[in-house]
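Beneath this line is the structure, given in structure tokens, with notes to follow.
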Amino acid sequence: MGNCWQSLGPQKNTYMRLSLPAVCFVWQIAMIILFGVFIRYDKESDAHWAEHKKAENLTDIDNEFYFRYPSFQDVHVMIFVGFGFLMTFLKRYSYGGVGFNFLIASFGLQWALLMQGWFHSLDLTTGKIYIGIESLINADFCCAGSLIAFGALLGKVSPVQLMVVTLFGVTLFAVEEYIILDLLHCRDSGGSMVIHCFGGYYGLAISWVLYRPNLHQSKRLQGSNYQSDLFAMIGTLFLWMFWPSFNSAITDRGDGQHRTVINTYIALASSVLTAYAMSSLFQKRGKLDMVHIQNASLAGAVAMGTAAEFMITPYGSLIVGFFMGIISTFGYVFVTPFLERSLKLQDTCGVHNLHAVPGMLGGFIGAIVAATATEEVYSKEGLIHVFDKEGKFADRSMGTQGGYQAAGTCVSIAFGLIGGVIVGLILKIPIWGDTADDHCFDDEAYWELPEEEEETLSPVLEYNNHMSHKGQDITESSFTVEQF
Amino acid sequence: MGNCWQSLGPQKNTYMRLSLPAVCFVWQIAMIILFGVFIRYDKESDAHWAEHKKAENLTDIDNEFYFRYPSFQDVHVMIFVGFGFLMTFLKRYSYGGVGFNFLIASFGLQWALLMQGWFHSLDLTTGKIYIGIESLINADFCCAGSLIAFGALLGKVSPVQLMVVTLFGVTLFAVEEYIILDLLHCRDSGGSMVIHCFGGYYGLAISWVLYRPNLHQSKRLQGSNYQSDLFAMIGTLFLWMFWPSFNSAITDRGDGQHRTVINTYIALASSVLTAYAMSSLFQKRGKLDMVHIQNASLAGAVAMGTAAEFMITPYGSLIVGFFMGIISTFGYVFVTPFLERSLKLQDTCGVHNLHAVPGMLGGFIGAIVAATATEEVYSKEGLIHVFDKEGKFADRSMGTQGGYQAAGTCVSIAFGLIGGVIVGLILKIPIWGDTADDHCFDDEAYWELPEEEEETLSPVLEYNNHMSHKGQDITESSFTVEQF
Amino acid sequence: MGNCWQSLGPQKNTYMRLSLPAVCFVWQIAMIILFGVFIRYDKESDAHWAEHKKAENLTDIDNEFYFRYPSFQDVHVMIFVGFGFLMTFLKRYSYGGVGFNFLIASFGLQWALLMQGWFHSLDLTTGKIYIGIESLINADFCCAGSLIAFGALLGKVSPVQLMVVTLFGVTLFAVEEYIILDLLHCRDSGGSMVIHCFGGYYGLAISWVLYRPNLHQSKRLQGSNYQSDLFAMIGTLFLWMFWPSFNSAITDRGDGQHRTVINTYIALASSVLTAYAMSSLFQKRGKLDMVHIQNASLAGAVAMGTAAEFMITPYGSLIVGFFMGIISTFGYVFVTPFLERSLKLQDTCGVHNLHAVPGMLGGFIGAIVAATATEEVYSKEGLIHVFDKEGKFADRSMGTQGGYQAAGTCVSIAFGLIGGVIVGLILKIPIWGDTADDHCFDDEAYWELPEEEEETLSPVLEYNNHMSHKGQDITESSFTVEQF
């Protein structure tokens, strides 16, 4: 049996005993050096706070920490348990799903603290980046872009490739975020544009370049089983429940966070109903499909990433969720297979339907809601506050703001597509230890699997073999018994 | 094998390709319209907050959001992961457990925002309902009533029936809550009465009307397996850990939330010990039963839903937990089988023992603690604060308050039982697509199951079949053995 | 089949129908009495808060509750889901892992409220202990020590023994904590010394005394399977994500909590990379091992338990995480097998590598960082604040403080080792109902397992049997078939 398994086993090019440790060590040491040179505590996390507080007549509760920490922890759960477990749905790639997610997010957030620091909060007088709780939230956000891309690549790339995807993904993210939020002065607190739209197209473009014509050889592993779908539901639910925190984590204090939570909560509820409805409607037998439930029920929140902090109204949020549940399920049923057939685009988790399209639409929804904002609805101060109409942007009209929001969406798509193609080409260099086409979606390639596992599964695998090639395997199976 | 499966397969009346999408779409569109007409942001989540804050000399930290949001997120986790995964314990109904929980809670919370809004916070001058973070918590609470009822019905009803259960459940909840909290002026922050007692009896009454005489035909599926019990423990633990947030989410700021957390934490710890003790004691072999651990360990918190915000004292909380662990485990061992035999009452999750009885007792415990409250223990202001002795209730004596609390409990039971019978009769109309008696507790009826799954399970099913029809399958089994 | 199972079944000395309920009931009643005598609400959770607030001119947001509650809930999740699910990794001891964790933590936290109360917050004028949210956090922390010890004993002791381990563990904890924090005036907010170092050595010493020479007879069960490793990842991730809350839960308000979170977050990220690197490097085939991922990725946070609240700098945190990931993985690969061979020390979860050593190192790291603290870095007030330089400790130099921190670490080791040996000897008395050597790591001994389960597993077990005793079991297996 063991032999049989090994003969099917991964090719030796998945050997990563040199490459993975090398990458991890070199990059981690680089992080230590760069952190040493650049990163310091900000005013609110430095021990000088005691004096600063007195000087500014503040109390401890004014520390930014108390406004952001609960949201931060929710976001943190989404990144590691949410994304991680959502990707355990494949029956034999659950370790890879949750484990590689853990690895690349842990690297990504370090690199994000640096990249976002350089672009957003480098103090030019001291040459230092000062970090606080909001930096941690942003670092988690920044990782999310690369984790979304991982969704499109799940099961088809090596951990070293994923580290490369993350290195470039975080870098590209920091640049596009700088352009969209700082130069174009868009609002995008929940990242419809900068996170989901970018991350989705980034992953799709990489996957398109890395097209595997013979992926069907791994067909047997490209599905779920009863348990793995339940594990994936853990991911789905933690994403779903904590998405109000995701969208509100860095919005304005007070009404900003409050309103964002309400809007996201409402949009999500609406998505669930239409996702279930469409899932049943698209099936000949009217049964629900776990893939749709796990993913499309989240689409409403993705599309609210920009608009949730605006006065989109509760029923506006319901409407967004309503259509996103429909569009996303439709995507899973029709668009993903179409993309694979026609565009040679293999998208394991369907990030096209959960992130790319809802993120893009979310960007445009945000543009429309921004363009139609009025002083009557927001109040004079509210409008200034929500759209940060200060300094040189004080006089920008709301119509113009809407135009910039739309432009921002296009920037994120462009960064995703172009960046993804370039990174895809880099990953095509045959040094990264990815598996052969017939061994995708298999943890065997990169993980020590529990020994007993092979035996537990073998009767079943045997069984399956029996079912598919009945007649001829009597000899084979008796051979198996003899082996023991 | 496949054929064999299909011949056992669900009857065609479980076909829900028309009914489920129709219900979801129609109701979701109704929600959009009603939200459009009625629901607006409240003062603290509206962009006018910036001006309001200035006018009232407030700072951002005074926004209700910061007092409630961490508790809200915990409650949210309880509703979706807690209740959801607690109901995955059946070996072949885990998708239904977590998936239908997701569906009906998502619908229920929308309808709850409206129903509770009309009853509690409709502004008669504008005709609008203004929502904020506390509305979201209450909406989640309101769903909990219907999710508890789902526990009694688990595996025996169709998703469309569950939507009906939720529609009426939320409606009844809003009315009884209005009577108990507003008219009778009871305190019930954690909902022993309005949530658990009502929800429990509501579910039991529905289940009683829907009695299935031949349910034993699904006996083979009416149990757990090793994995499904572990998934259920995820639900149990998230409920257990976050119950202090559940009971304290809408109590008074400051000492109210603080004390409620302490009392609930303590009562829960005590429940666990007596649940384990009784579980072992009631078994001939002294072994622990996962059903008791998963459920009875939570009973202390249910029974503290009313009294936790009072000065019940830490040891009082321990005593409540102590007895609830005993009573609840006793219920699982003796009462549930008795109810099924004698009252024709089938209660899949044993909500009688976890919600109905502990909720009812919690109502009466609250009544006693309220009746014995004194100014000495609470302080003059404390008493006013805790029991909301204001306006026309300022002069109500504590004894009277206790009487009203007890009356409130009776109201919740009455609403549960009468409402449940009516809803049960509605659900008996044979248009809802429920399964036949021999196909309860089977995800096959409503879910696309992973294909491989059937094969994985089949050897086991084969095996089980062997056990039931002994004699005749010697040939068959030798055939099986030969196959290997 | 059933017979066959029973003949392999646990010896009758695992019968705990009398002992477990007796211990649970007697101890729980003792708790009720002691709580009645000693425990009261503190000023901020008592209904008198309304008056106290007015007298002191406070507002509700000044209530300690709002500074600590989100962290408390995260810690609570770590104790019950984190530790609980981390210990589900054994293929047939998952119930015991999560279930006994639940039991002993629930008992331990009650006893901890008393023990810590007597040592830290007994009001000598009233003879009462006043508890608030910080007491709950400390009680959870106190349990953690015993849960760590459980990790070393997992699968080898009875639940009654675990109750004894917890009773003494909590007692010892309260004493060593009093010595370290109060008498030596050390800082140890995240408990590198008092929790991890103590708990680790306590568990190791017990395990050493309880050495089972024939444990290899349970070899077949001393491993994971594919599902159980995924369940364990739930535990790992919740520990990992919420560790910033663990370390910061009781640090100073404001910058103290803020900085601790940042440092822990950074150290954890760094641990992950080196844990992955070493895991791959130490394997001949370069594959990742789930045991390392589940555990070593956490080591950075354990070692930051003391220093995280100091100004260790972000890159200092990275460096700590870097080396801890390496040391911990090294421990799993080389030290644990060495300890078992040479020192007769069986350590199921490898707490040596995750708690004992990183905790000890964390204590010394804390000592060094404390000794090198300067007014320049901390500011004058910051230094006083962070190191609590008040009263008779106002003039202690930082070098001296460092010395005391190091001494504290030694105290925790001594308490762990000596206490563990004594408790181990108590547990050797043959009245506690532990299993025989050939039935360790088996839930069968203490849990009612789902009936179907036996059948599901039996074909596999059969299969395994075939593998080990080839020739002779042809008859046995045909016997099995006939049984059905």
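A Cβ is built for glycine as well, from the same backbone N, Cα and C atoms used for every other residue.
The feature domain 'Ammonium transporter AmtB-like' is assigned by TrEMBL to C:59-446. According to TrEMBL, the transmembrane segment annotation covers C:20-39, C:75-93, C:100-119, C:131-155, C:162-181, C:193-211, C:231-250, C:262-281, C:293-312, C:318-339, C:351-373, C:406-427.
Using the rule of three or more Cβ pairs under 8 Å, pairs at least 6 apart in sequence, the transmembrane segment (C:75-93) is not in contact with the transmembrane segment (C:20-39). Note on the transmembrane segment (C:351-373): residues 148-149, 151-152, 186-188, 191-193, 195-201, 203-204, 295-296, 298-300, 302-307, 310-312, 316, 320, 324, 327-332, 335-336, 339, 345, 383, 386-387, 398-399, 401-403, 405-406, 408-409, 412-413, 416 of its chain, located 6 or more positions outside it, place their CB under 8 angstroms from a CB of the stretch.
Over the domain 'Ammonium transporter AmtB-like' (C:59-446), the average per-residue pLDDT in this prediction is 96. Listed stretches C:131-155, C:162-181, C:193-211, C:262-281 were compared with the transmembrane segment (C:318-339); the greatest number of C-beta pairs under 8 angstroms is found for C:262-281. For the transmembrane segment (C:293-312), same-chain residues at least 6 beyond its ends with a Cβ under 8 Å from one of its own Cβ atoms are 86, 89, 186-193, 195-196, 229, 232-233, 235-236, 239-240, 243-244, 246-248, 251-252, 256, 259-260, 263-264, 267-268, 270-272, 274-276, 278-279, 320-322, 324-325, 327-329, 331-332, 349-350, 353-355, 358-359, 361-363, 365-367, 369-370, 373, 377-378, 386, 405. Counted over residue pairs separated by six or more positions, the transmembrane segment (C:231-250) shares fewer than 3 Cβ pairs under 8 angstroms with the transmembrane segment (C:406-427), which leaves the two as not touching. Looking at which of C:131-155, C:162-181, C:193-211, C:262-281 has the most CB pairs under 8 Å to the transmembrane segment (C:100-119), the answer is the stretch C:131-155.
Remark: the transmembrane segment (C:162-181) contacts the transmembrane segment (C:406-427), by the rule of 3 or more CB pairs under 8 A.
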